[in-house]
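Colleague: Pasting the feature list from TrEMBL:
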- 22-55: repeat 'TPR' (REPEAT)
- 56-89: repeat 'TPR' (REPEAT)
- 90-123: repeat 'TPR' (REPEAT)
- 124-157: repeat 'TPR' (REPEAT)
- 158-191: repeat 'TPR' (REPEAT)
- 187-505: domain 'Protein kinase' (DOMAIN)
- 192-225: repeat 'TPR' (REPEAT)
Amino acid sequence: MKRYGESLSDLNTSLEIEPNNAEALRIRGETCHNMNKYEESLADLNKSLKIEPNNADALRIRGETYRKMNRYGESLSDLNISLEIEPNNAGGLRIRGETYRMMNRYEESLADLNKSLEIEPNHAEALSNCGETYRMMNRYEESLADLNKSLEIEPNNAVALRIRGEIYRIMKRYEASLPDLNKSLEIEPNHAEALSNRGETYRMMNRYEEALADLNKSLEINPYNAEALRNRVATYYALTRYEESHKDLVRYKSLEGCMNCRYYNTSKTWCRLCDPKRIIRGWSSENKEIDECVKKFQIKATKYEKLIEWIPFDKLVGLQIIGKGGFGTIYSATWLDGKPIIKNNLQARDQSCKVALKTLSTLKEREYLINQCKTMMKSFVTDLGLSKSLKESASKGEIYGVMPYIAPEILLGEEYTQAADIYSLGIIMTELSTGKRPFHGSPFNSGLALNICNGLRPGFSEKTPKCYIELANQCMDSNPRNRPSAKDISSKFSKWRMILMMPWISNNEESDIKRSFISANEEIKTTQIIFPNLQNSLYTSRLINTKEIKLTYESYESAKFRGNFN
């Protein structure tokens, strides 16, 4: 019966009477360990071992506690001493075997686990651990043998079911994998790793929607599960949801295993489990509310260089007023410690960097501003050739813009549409290809406008990928209805990014796309970029007479018609 609460109550009473009773301390330490209260467990076990330093049971329990806290070196030290005292203790051998496995020392792990099984041949947990070690060594048949035996003894062991399900998946025995993973998740429905494994199994069976459901749930529980992220990348890609696939791929590539806790919850320079706990210690603003606020954000930090910190005033020098506004004053100062930066993949400081400081005036008299800011706003700045100075105005039949970027229908006086933006994007794509502004060297007059309306478009460099040219030409189609939507373009861009970033290529078409972009990238390095003279550049917004262009175009079309008729 696991009545740990009652046990703890009795032990507390006992230790109030005999506070230095080593056995009571050891038992309370073990009880706290079983309740996952590891810090309290350690406190009791440390005190017990000061009284009885060679107690094998206390050393073994403390070793297991250290292991569960991912402190493997300390765990191994205690277990080694414990097994010197009791070399044939099956429990000690089993725990040390698991510790070796967590340290990737698989041969030593197997030696301990096998010796443990010689003493207790039907111990389900030892068999399961042995099966997991064989799995890590890619010895799948031996792994299955131990797991099968373990599950004969304990058929509802969720861990063994999960491991066996994963091995079946690795062996491509998907129909056998699913029942084990399903049963495991019936027992532990919120186990992130089991959900990730089942998601991958569904993906390999081309059951993508079911795969996505499991992977999403797994990543809700553990957002830093690298395998689940990798599988969701592939699942989104198979579902042609390229933007979501690309977003996950970027996250996946940023993950690294932490040297301290060993979890994939981190970048190369930041562990979300370990670093925030370290950062919140050793400082204070001497204001409890400020401390709590800053530490709240530090705990949530995802990158070292984005860390929010309290800067003591004595760490700021050279204070200068650089601006005043209706709501406060802005200062410049030098921060002696410097902002957090990454240097050679290590945490560092940009020492003596300049920072901006702002003091806020009272907002009491300006509450209207706060009331107006309740909703989120997003601002986008764009200039695709239809901008003008505030002092300038245009009458009907005129527009302001840069002619090469303006869609032909707009040059002919039609109303502006979203499709006109798509045309402008196509022009920009030619510019990125050649390194030259569109129609560089040509006068921007009615003759150029007429040619644009008749289908003249900028060209591309020699090694520009075929898929890129096709998309740009679609964007520059004379008929606005034939141009792709912004969503379609974004999806194609995401797909190309995915192909370039993916460590795997699924077909010949993707392989060709990847090669062509790599080749184009090499050509870009030798491309001469031509910058216009901005002082007197044609590539600034100017008045364009669309009425005149339309008359010229209609005259041209009429003459062409008469010529064809004759």
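Heads up, the Cβ atoms here are built off N, Cα and C, so glycines get one too.
Set these features in their place in the structure for me.
Modeller: For the repeat 'TPR' (22-55), residue counts in helix, strand and coil come to 27 helix, 0 strand, 7 coil, using DSSP.
Sorting each residue of the repeat 'TPR' (56-89) by its DSSP state yields 27 helix, 0 strand, 7 coil.
Long-range contacts of the repeat 'TPR' (90-123) within the same chain: residues 56, 60, 63-64, 67, 70, 72, 75-76, 79-80, 82-83, 129-130, 132-134, 136-137, 153, 262, each at least 6 residues beyond the stretch ends and with a Cβ under 8 Å from a Cβ of the stretch.
For the repeat 'TPR' (124-157), the number of residues in each DSSP class (helix H, G, I; strand E, B; coil) is 27 helix, 0 strand, 7 coil.
For the repeat 'TPR' (158-191), the number of residues in each DSSP class (helix H, G, I; strand E, B; coil) is 27 helix, 0 strand, 7 coil.
Only residues 6 or more beyond the boundaries of the repeat 'TPR' (192-225), in the same chain, are considered here, and those with a CB under 8 A from a CB of the stretch are 158, 162, 165-166, 169, 172, 174, 177-178, 181-182, 184-185, 231-232, 234-236, 238-239, 255, 263-266, 272.
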Colleague: Six or more residues out from either end of the repeat 'TPR' (22-55), which same-chain residues have a Cβ under 8 Å from its Cβ atoms?
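Modeller: Result: 2, 4, 7-8, 11-12, 14-15, 61-62, 64-66, 68-69, 81, 85.
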Colleague: Residues sitting near the repeat 'TPR' (158-191): Cβ under 8 Å, six or more positions beyond its termini, same chain?
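Modeller: Apart from its flanks, the repeat 'TPR' (158-191) reaches 124, 127-128, 131-132, 135, 140, 143-144, 147-148, 150-151, 197-198, 200-201, 204-205, 217, 221.
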Colleague: Across the whole of the domain 'Protein kinase' (187-505), what does the mean pLDDT come to? Round it, please.
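Modeller: Its mean pLDDT is 80.
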